[in-house]
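The structure under discussion appears below in the form of structure tokens.
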Amino acid sequence: MGFSQWLSLTFIFHAFLSLPISSEPFLSPEVLPQIPVNFLDLAKSPEVFDWMVGIRRKIHENPELGFEEFETSKLIRAELDQMGIPYKYPLAQTGVVGYIGTGSPPFVAIRADMDALAMQESVEWEHKSKVPGKMHACGHDAHVAMLLGAAKILQDHRLELQGTVVLVFQPAEEGGGGAKKMLDDGALENVDAIFGIHVAASYPIGTVASRSGPILAGNGFFEAVISGKGGHAAIPQHTIDPILAASHIIVSLQHLVSREADPLDSQVVTVGKFQGGGAFNVIPDSVTIGGTFRAFSKESFIQLKQRIEEVITKQASVQRCNATVIFNENEKPFYPVTVNDKDLHEFFQKVAGDILGTQNILDKQPTMGAEDFSFYAEVIPGYFFSLGMKNETQGRFESGHSPNFRVNEDALPYGAALHASLATRYILEKQSKLNPPKGSIHDEL
Ligand SMILES: [Zn+2]
Ligand SMILES: [Zn+2]
């Protein structure tokens, strides 16, 4: 590194710490950890914390479903305007992408999802959902608040950023594949890496959990209509019974995982929908079934999809019925497997360890859940992690998608500080790699 480069980077670095410039070496292991610590102090200050809590509660009261997050998006843009952060809008209908820093490389993205779920909130509290049948039961309201919190901290340090932080507020994580549409609309143009947080009731407050490699499954949905010939229940010989056919189909589908898949290759086929008939003494004309299938590799996923279609149509014909199968990818796109980048995992452990202590960086076992963050991590290095919320002194925190789901707002500063620190440290490390010490460059060879 040349002296002038060293000097400018040293200046940037010290500006982050608000310390006078000294002769300490740039990226010194003693001082670098101070960035996330300082950011956590900022995120916990009443100015940032109370503001984040207010935003989260406002969004919680007005939940909006996927691709309908108009008010949430408006609120985000109003806050970005207030902070003087430029942004692009709309992407994927309601999505917003903000930019903090120089506007030049390196670019690092931090992401929040904005959508709620179609379910009724059961928690009685002052800021309960005001919209019947809609609820933020997955914590996406907290995700937005934490990303705005990070934006506030980063914007205050924008002059010290030698790169650009990209704030990704996306719609429709819950099945709609908003991330895919954000990508199609150019949300990650020029971006080198992306980080995503999900709140988790299963881990204690002040901890994070994740791992390198595949962490969440690939997911798809299917629906099939099995058609027979309806008639009187007492004269089955004059009918073709689709209920019996659908029952055979469902049992046969269970053989895909238990008999065809490698027992060491996790897969799931679940039929969650079975609709047909309405009277005790009538055999209906048709039955509709639907479900989800999940796998941890692309090959297994494609194999499952193909076999689901075959089993449904062929088993239907054994029972003298016809079947049509749809996977409805337009409305419910297949989610790829979420794979955490190996280098980002090491980087994450360093940065999160500096904030929380290494003992609070937990290993997360992969689960068959799915996340559309996977679309981002398919095209650029991505890293997705859980943020702990559990605190027994504050009662039980239910897991996501429960009508009793609650967010522990004490987790918000951790999320904001992690976002801000990961982005800042990523840019610093990338810069130091882009401008290595002169003596180490041998690319003339
Ligand atoms: Zn969810
Ligand atoms: Zn979620």
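Placed from the backbone N, Cα and C atoms, the Cβ positions cover glycine too.
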One of His345, His401 listed by TrEMBL as binding Mn(2+) at the site of Cys138, His140, Glu174, His198
His401
What is the set of residues, excluding Cys138, His140, Glu174, His198, His401, whose C-beta falls within 8 angstroms of the centroid of the C-beta atoms at the Mn(2+) site?
Asp113, Asp115, Leu117, His136, Ala137, Gly139, Glu173, Gly400
Translate the DSSP assignment of His198 (Mn(2+) binding site) into the three-state scheme.
strand
Distant-in-sequence Cβ neighbours of Glu174 (Mn(2+) binding site), under 8 Å, six or more positions away
Leu65, Gly66, Asp115, Ala116, Leu117, Cys138
